[in-house]
C-alpha cells in the first residue's frame, strides 16, 4: 500500500515486540493462505479425472492428471467465447457510460454555486433509504420496460449508484473551487470545465470508480438470473457459471455437442474447469489494480 | 455610465418567480449534467415505489395490478400469523448482528497485526491474498463452499475420513449452517474490511508511538492503550452505519451457499431477501413478496434515521444528513 507503510521505526526489540511480531506473521500467514487455498482446490480439481474425484474427492493436487474437462469446455468454444464476449461488451459499455455519468453528476453536485445541489443530492440519496422492493422492480423491468431476455436489463440498472456518486463527490471536494471559478471568468461553460479541467485532474478517482463499476458488471449474476431466461444462447459469464454449477442437465446439454457419451461427461471437473475459465483471467488482473480499490474504500467508507 | 446602469438594475421588479427563473437559468448547464442521473433514479428507483401497493392486494396475473382485489393488511396478517415474518426478521437481524460485531473485531485484529509486521513484501503479498475473496462473484463463493462441504467429494469429509471419523451431511443439517454462513462471510470480508482500520492506524501520529516507547511502553501496552483507543471512533461510526442496514441481507451469499431450493435449511438460513426472491421467482406470490419488502423498507428506514441520529450525537461531521 504505497502511501501507508511507515518505515521501520526506531524500536527497541524487547520480548513483547518479538512476540507480537511473530504472532502477527503466523496469524496473517494462516489467514492469507486460507484465502488462497480454495482457489487452488478448484484449480486442482479441474485437472483431475472424474474417476479420481469419485474415489478421493476434491483435492488440491490432482491424483490422476487430466485435461479432459477443459477439452470439453473448449470443444464447443462457441458457448464460452460467446459468454465472454457478452460479459466483456456489457462491462466495457457499462463502465464507460456509467463512469461518465457518475463523474458528471458527482462534479455538478459538488459545485458550491449549484443552486439545486442539496435537493438533487437528497433525491439520489433517498433511494438508499427507501425502495419499492424486488417485485415492483421486476415488474417494471419485465412488463413496463419490456427488457426480459434483453442484455439491457443487466446493463442499465448497474450504471449508477448513490454510493459511487457520493464517492465521486468526496474525490472532487479535494479540487479547489477557485479552479472552476477562474475558468468561468475566462468564459468557459460548466460542461467544458468538467470535460477539459476536472476530468483530467481526477484520473485516479476515475480509475477507482471505473474499477468498482467494472467489477460490478463482471461479477454480475443477480440481474442476469432475474431477467435472462436459461434458453438464451449466450449468457453473461457468471450466469453461465451458475448454470453449470447448479444444474447437471445444463452441463450434459452443453457437453452433448462434443463426442462424449452422456455417461462419461466429467460433471464435477467441468464445474471447476468452467470456474477457472470464467474467473482466472480476472484474478490475474486483480493484483495490479487492487490499490485503486483500497483508495476507494478508504475514501468512501466512513463518509457515506 | 454607472449612474445609468445602477438604477436600471435596482428598478427591475424582483418578484419571487423571476428570482426562481433566474436561479434556474444560471444553473441550467449543471442541471442538464445531472439530468441523466435524475432520469435514471426516477426510472429504476422511484417508478417501482408505487408498486408497494401490491402489498395491499391479492395480486393475480389475470386481473393485473388494478383489478386484483384489495385486501388491506391481510397479507401482513398472514405473514404474522404463520410466523414467517418473525422468523425472517430474526434470521436477518441475527446474522447481521453477528456479521457486524465479529466482522469489525476481526478487521481490527487483522489491521493491528498487519501494522506490527515489518517486512514490506510480506505485507503486500498477504494483503493481496486477503483481499482476493472480496473480488470474486457470489457464484464462485457457492462453488468453493461446495468444494469443501459436498457429502461425496468435499474436502471436509475427505479430511474427516482420514481421521477415521464419519462424514457429515452438511447440506441437510440446518443446525450447522449459521456457522458456515458466518465463517464464509468473515472469510470473504475481513481482509478487505481491515483496510479502513489499517488506514486509520496509519493516521496515528508517529510521535505518540515514539513518546510511548520512551516512556517504556511495550508492544502489548502500545496496542491496548494507544492503538485500540485510537480506532474507537472509527469503530463506532462503522458500527452505527452498519446498524442502519441491519434489515438488509446479503442475498448473493445466502442464495449461493444454501442453494435455490434446499427447503431443509430454510429454518436457519432463510432471510428476507431469499424469501422475497422465492415468492417472486418460485411461488409467483407477488403480493406476499411485496408485503415483506415493504415491511423491510419501512422498518429499515426507521432504523437508518435512528442510526444517523446516533452518529450525529457521536460525531456530527460524520452524519449522513
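Keep in mind that glycine also has a Cβ here, set from the backbone N, Cα and C atoms.
TrEMBL annotations: computationally assigned, not manually curated.
According to TrEMBL, the feature domain 'ABC transmembrane type-1' maps to B:89-307.
Note on the transmembrane segment (B:30-49): residues 24 of its chain, located 6 or more positions outside it, place their CB under 8 angstroms from a CB of the stretch. Summarising the annotation, TrEMBL assigns transmembrane segment to B:30-49 (among others).
Summarising the annotation, TrEMBL assigns transmembrane segment to B:93-117 (among others).
Annotation comment: TrEMBL describes B:129-149 (among others) as transmembrane segment. Residues 110, 155-156, 170-171, 180, 184, 187-192, 194-195, 252-253, 255-257, 259 of the same chain lie 6 or more positions beyond the ends of the transmembrane segment (B:129-149) yet place their CB under 8 Å from a CB of it.
For B:175-202 (among others), the entry in TrEMBL reads transmembrane segment.
Sequence-distant contacts of the transmembrane segment (B:223-247) (same chain, at least 6 residues past either end, Cβ-Cβ under 8 Å): 89, 92-93, 96-97, 99-100, 104, 108, 111-112, 115-116, 196-197, 200-201, 204, 208-209, 212, 217, 272, 296, 299-300, 303-304, 307-308, 310-311, 314-315, 318. Annotated transmembrane segment per TrEMBL: B:223-247 (among others), in sequence order.
As annotated by TrEMBL, transmembrane segment applies to B:286-311 (among others). Remote same-chain residues near the transmembrane segment (B:286-311) are listed as 51-52, 54-55, 57-59, 68, 71, 75-76, 78-79, 84-85, 88, 237, 240-241, 243-248, 272, 275-277, 279-280, 318-321 (criterion: CB distance under 8 Å, separation of at least six residues from the stretch ends).
For the transmembrane segment (B:93-117), the list of distant contacts is 123, 126-127, 130, 178, 181-182, 185-186, 189-191, 193-198, 200-202, 219, 223, 227-228, 231, 235, 238-239, 242-243, 245-249, 271: same-chain residues at least six beyond its ends, Cβ to Cβ under 8 Å.
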